[in-house]
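Taken from TrEMBL, the feature transmembrane segment applies to 20-41, 53-76, 97-118, 151-172, 184-206, 235-254.
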Amino acid sequence: MLEKIQKVLTIHNDTMRQLLAEALGMFILMVFGLSAVAQVVLGEGHFGQYISINLGFGIGVTLGILAAGGVSGAHLNAAITLTHCLLGNLPWRKLPAYLAGQFLGSFMAAATVFSLYYDALCDYTEGNFTVKGPTATASIFSTYPAPHVSMLGGFFTEFTATMMLVLGILVIHDEKNNAALKGIQALLTGILVLGIGMGMGMNTGYSINPSRDLPPRIFTAIAGWGMDVFTAGHYWWWVPLVAPVLGSLAGVLVHKLFIDFHNQSEPESRNEKGETVVESS
C-alpha cells in the first residue's frame, strides 16, 4: 500500500521537484528565523536578545540548504537565482519555478509563525497590529529601516550586505581556490549569514533576500497590519527587492575580478610518476 501511495505521489518533473525543494528549504529557513524574531520581540528581551535572531537565521539557512541542496542547489534567495540566470548557470525558463517555490515557502512560514505566536501577538499589542509605535510587530515578519537611516544609507547597507553574502558563498564553493570540505558548505553558509547579521544588521535588519522580505510583507498586509507595511519608511518595501539583486551581481563581479579570472584551473595535471593525467568531470 505504501509503495502504491509513493508511486502516485512521486513527481518526476525536474522543474516541479526544484520548486518543491526551494519551497521546503525556504520554509525551514524562515520558520527558524521569524520565530526567533517573534520570541525576542514578544518576550520583551526575556526570551532572547539580538544574537538570538542572528543564530535563528543562521541555523535556518544551514538546515534549508541541507534540505534543498541536492535537488535545486538551494538558492533560497531570489537575488541569487536571478544572478544564476544572468550568468547562464540556470535556464531562464526555470526562474518562475524557483521564485514561486521560494515565495510559497516564505509566505507559509510567515503564516506558521503568525499562528504559533498569535496569542502572544494579541496579548502584546492588545489586538492592534501596527507597523510603528511602542508595540509595533510588523518587523517580526519583514525588515524596516531604523529611524536614523536614510533611504540611500539603507540601500547601501542592503547592497553591501548582499555583496558580502554572495562573495562569501563563492569563496566557500570555489573549487579552483580553497573550497570548503564537502559536506560543511551548508554550515559555513549559515555561519556567513550569522556574521552578516552580527555586523550589518543594525541599519535595516539585513534582509539580503527578496524572497525573505516580500512574501511575509504581503502576508502581514493581509493578516491585519494593512497597507502600512508598504508605505512605512518612505515606501521602504522596494529596497529589499532591488538592492540585494544589485549586491548579488556586485559580489560575483568582485570575486571574478580579484580571484576567479586570475586563477584558472590546469587542464592537465601530472601524477606522482610524472605521467600526464587528463582531468575529467
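Each Cβ is built from the backbone N, Cα and C atoms, and glycine gets one as well.
Just so you know, TrEMBL annotations are computer predictions that nobody has curated.
Taking pairs at least six residues apart, the transmembrane segment (20-41) and the transmembrane segment (235-254) share fewer than three Cβ pairs below 8 Å and do not count as touching.
Only sequence-distant pairs (6 or more apart) were considered; of these, at least three Cβ pairs between the transmembrane segment (184-206) and the transmembrane segment (53-76) are under 8 A, so the stretches are in contact.
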